[in-house]
Structures are given as C-alpha cells and as structure tokens.
C-alpha cells in the first residue's frame, strides 16, 4: 500500500504588504487528491478565517491583512483534508507555520533617554563622558536591518561618539565651565550599518561641565575706605570686603588675612563662613590724636587649591583698606598710670601725699578738675586739690589702725556735667610705719614667789611685743627702772632673745608682813627712742614641799593682825541693826497693803466683773487663773498711764497680767470713743484663734461699759447727769469716806 501524506512548500509572507489583492501565501495539498474535487481543505489556528483564507478545493492560502513582523513574527495553524460527502478526515490533522518575513521598516530608537552626563572642565581630549544605546526592532538575523551605527549631528566641535559602542568623549581640552557650563549634543543612530537607505533615530544628550578650582579669588576694587570712632571698643566690626571667585561650591571657600605689620597690630580679619566675606575688626584701642588714618592690606586666598592647576598662577589676591579714625570728645586720661603712693603715719594734717595728673586727650585740651569718690573715702582721710591733683592728708594717720587706703580719684573736664566724660583711677596709699608705739607685754603677767624661795630662783619670764612694723626685726632691751635701783628682793636678767627673767635675790619672804611686791621694769626697742615702763606685781604665796603654790590669800592674816575683838563686835551689832530696819520696813508695807485691800472690798459693789466661762466644775482649779477675777481694774492705765488724753488715746498692754484694770465710775457722754475697747476685744479674739496650745473651750466676757446709741435708755440714777434734776443728793457727803466717790458722781 502506498503511504499518503501532506504535500506543501515552506510558507512565508512579507510584512507590510501594501497591495490591493490578497497576498498569496502558499498551497496545501494531499497526495490522495485526484483533482476531482472530492476533498475539502480547511485550516484552523492563529488568524484562520480572518487573516488567512484557504480555497477549499485547491488548498491555496492567502493573507487578507497587512502584517507586521515587529508585532508578531509567525503564526501557527493546522490543516485538515476531509471527504466532501462524509466530512470525514482523509488525512491526520497537520500543523504548519507561516513566518512573517522582515523588511527594514523600523528605525533605531533611544529607549533610555533623556540622557544627562557630566565632565570636569579642562579634561583632556578623549575623556569619556557617558554611553548611549539605541535599539532596532527589525530582525537582527535577517540582513542588516538591525545593525546600528552612531554619529554626532550637533556638538561635534566639542564631543565625539564611538560609532559602534555609542561612548561619548571630549573632542577638545579647553572646556571652561565659566565660559559655558552645559552643552546639548545630538547623537544619531542609523541601521543598515549606515548604508544608503538605512533608517535613523536621534536623541539629545545634555552634558554638564563640572567645576574645578581653576580661578583665583579677585577683589572687585583695589581700595576700600571705612571710618570708625576712636572710642570703638576692641572687637568692633569696621566693615566687610569680599573677593569674587568664578568657581562654585567649595572651590569658592576662602580665607582672609592681614598682610602688613601696621594693620596686623591694630586690626584683625575674620571670615564669614556663610557669605565668604572678610570682616575687619578693631584689635587695639584707636586714638585720633595719635593717628587719624590707618592702612590695612587684606589678602584673600582659596582654602582648597588643586595642584593640577598651580601653573595657572597664584590663587590669592590683595586689596588695600583705609580706615579713618573719627574724633570724639573723650574723658581725661591719667598719666602716668601709677596707682601707688606712700606717706609716713606721723605726717601732719595737710601734708602732700602725692600728685595725680590727668590730661584731656582731645585736641582742644580742656583744663581738668579732680575729686575723690567719697564712697571710697567716707571718713575723708584724704583730700585733693581740684586744680592741681595734689592729694593731701585730711586726718591724722595711724598705720596700726589702717595700713593701706584704697581711694578712687575722679578727673573730668572743667565745666563738664556728663558722667560719661569722667575718668576714674584707683589709687593705693600705703602708710609707712614710724616707731610711735612702745613695747607691750605679750600677756598680762602676775608673778608669784614662794615664802621659802631660795636666792637666784626663777619666778617669771617676761616677753613683750611691739605694734610697730620692724624693718629688720624687733630687738628689745630689758632693765630695771631707775626707781628700783634700791631693790634688794628681785633681779632682772636680759636673755638677749627679746625676753627677760626675774629672779629672787634673797630668801625668807613672809606674806603676813608684805604679800605684794612691785618691780618697775623698763623695756626699750631698737628703733628711735620709744620704751615702756611699769611695775610688775609679784605676790607672795604659800607653797608645799615640792614648790607648788597652795594659796596666795593673805586676808585672814591681815584681819587677825589689824582688827581687835571690840571692833568685830561693833561690826556685828551694825549688821543686826540693818537687818531689824529691813524687817520693820517690810512689816509696814504689808500692813498698808492689807488696809487698802479692806477698803477695796467695801467698794466692790462699784466694780462689776462678769465672767461667763463654763469650766470643768468645782474640782477644776487649773482651767483658768481665778486671780485675774479678783483684781481690780485701773482705768488710768487704759488711757495711757500718764494721766493725759481722752478715752481711747492709750494703748492696751499686751501682757495678759496687765490687761485687768479697775472699772471707773462711768457717766455716758455722747462724744466718747469706744474704739479702744473694740480693738482690745478683737485683739483678744485673734490671740485665742492663733494660739493652738490652749484647750478648745469657748470664752465669753462681758465688759460693764454701756456703749453709745443704746436703743434702751439707762435705768440707773447714776446716769442722770442733766442739770435739771429735781433731787438733791448733797446729803450723801455726810455718809463718810466710803461713799465719797458716790457723792462726787451725784
């Protein structure tokens, strides 16, 4: 049996067919087809029935649409051969491919644009800038449609491009950022290896020229002028100058410095890091009278210098700054500025201590007046001549009291009233010592000698001090005073070390005969004649066997030796008489007080004290001091204690014991002032509220005084003081002294 199968050629179709008739693709055929039309050919798959149509009888395939290989390179279809009568497959279904044949219909495209590159200025020729790449959608395996070459359309004067790789490089070595900081270069890509008829595409590449430090700083001016007042303090900014630099970024960072010695002494320059300006500042005080104009040379230089460009020149520049000093009215200046003077402490009042001098630094040279700041010399120990500046003593000086004086001298222009134009100078005055103080004992001495002391025994060592200031150290000389030349009891030995020793010259001292000996000693210092003398007491004392002093009291011996028994009896009698007199006086005073208390008890009805205090019962004897209720008021103390003034003019005592006084016999008067009682009660309430130590009980006190504006008139006849009363109370005068006060009221 002969095997049957499909018979067809390779199928291709050209893309971008622009004809009006369907494009013939190919023919499928079965070897069993005898040409009688009994076989029906059909296709299925991609584009079957739409893009591709088949003739059922002949098997011819046509493309009815325009194809694009860049969108789809091939189509996969399946072919069937069927019996036209039964529609059964005569051959197994077979798959076939229709390939789209490429033509050069796509130009190269730069897909990664826009392109931005950079290159440093002054780069050598051939320096790589960046790489560009174009892609072609045509079939790279078919012909040269996808072979791309590169070229420069614009910017070829400064840059080149590798035709195969697309690497852009510099074409010149003098790229200058300061002249042109960016370039727009157009690169073209052409397919067909650049042959005639090839398609091309282009892109624009922006190339930024970066900066290098190839430009030195330059001052726009060769001279600047500033002015400043002569009183400007150190650190004052005079002005600013700035050097221009064509570079950018850190290549413009610069520092400034003063180059000339004169300007360096008087001025200094700092750099403002934000503005890159030179700030010229005062370094030393200026003086218009000394120099009116200063010249300063300021230099600017780059911080970061590129060693590749040192051959271009020095990266620094200089300018001259003229500073004019302006004159102002200044206070006087002390010359010379010495602040130490010395004067002897024995100088007389009015003696010249020294002279201060101040001059007006201004060209006018006004006269100067002087004065002493009295806050530094409140005791007016010194005075100053307002015109000459001579400082003189105003009081007697004493180095031992104050060895140094610090005063402030003021100098001002004559006629000036402005405090700012006053100069001050501190002056230290040292008081020089003179030998005007005699030596003094270092401590008060009182020597003691035993009754059984032996001759030559040391009983006291004496040392002295001197308040004067020694120049080479004190040296004291000890000797007995001339009036002690006949002394046979004690001797004095100068030990030559500013001390002296007192020794006994005999033995057998008796404190009953003489208990104290006075030994005059003369002490002289080494300066000009100044010495001291004085008797040193030496007491005779009783000692034990070891020489320790037991007692120096000689009263018992003296009394027994000088007073007789009769004198002692007389002395005792006098003491007894004095005791009797004292007892008698005390008895009389007590009797007088009891008599006054009896009279006061009878007048108790005229003195009413009502105290409503709920205490702890009859057994409570400590809740309140009941003695206060038994005391009478003395109203004269309420009025001030001096008997003068009206009611309310006195001040109540703050002592609770003195706040109880006798109540007066009261007659209401419309012009009386009761504020004193109101203040007293308020103060008592405040004391009770603030005292946290008292028990928490309520206290109610009634003071028997009738205030003004009482709504109910008084019922007491004592209150009737009208002159129109019809009663006669003169008979009360005969009731005796007990009713004398009542009779006086009526």
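The backbone N, Cα and C atoms fix where each Cβ goes, glycine too.
Note: TrEMBL annotation is automatic and uncurated.
Computed from a predicted structure; not experimentally measured.
Averaged over the domain 'Cadherin' (30-110), the predicted model reaches a pLDDT of 85. Look at TrEMBL and you will find 30-110 (among others) tagged as domain 'Cadherin'.
What TrEMBL records for 111-219 (among others) is domain 'Cadherin'. Residues in the domain 'Cadherin' (111-219) partition by DSSP class (helix H, G, I; strand E, B; coil) as 3 helix, 45 strand, 61 coil.
Residues or ranges marked as domain 'Cadherin' by TrEMBL: 220-334 (among others).
For 335-441 (among others), the entry in TrEMBL reads domain 'Cadherin'.
Per TrEMBL, the feature domain 'Cadherin' maps to 441-557 (among others). The helix, strand and coil residue counts that DSSP assigns across the domain 'Cadherin' (441-557) are 6 helix, 53 strand, 58 coil.
Under the heading transmembrane segment, TrEMBL lists 567-586.
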* Over the span of the domain 'Cadherin' (220-334), count residues by DSSP class, listing helix, strand and coil in order. => 16 helix, 53 strand, 46 coil
* Within the domain 'Cadherin' (30-110), how many residues are helix, strand or coil going by DSSP? -> 0 helix, 36 strand, 45 coil
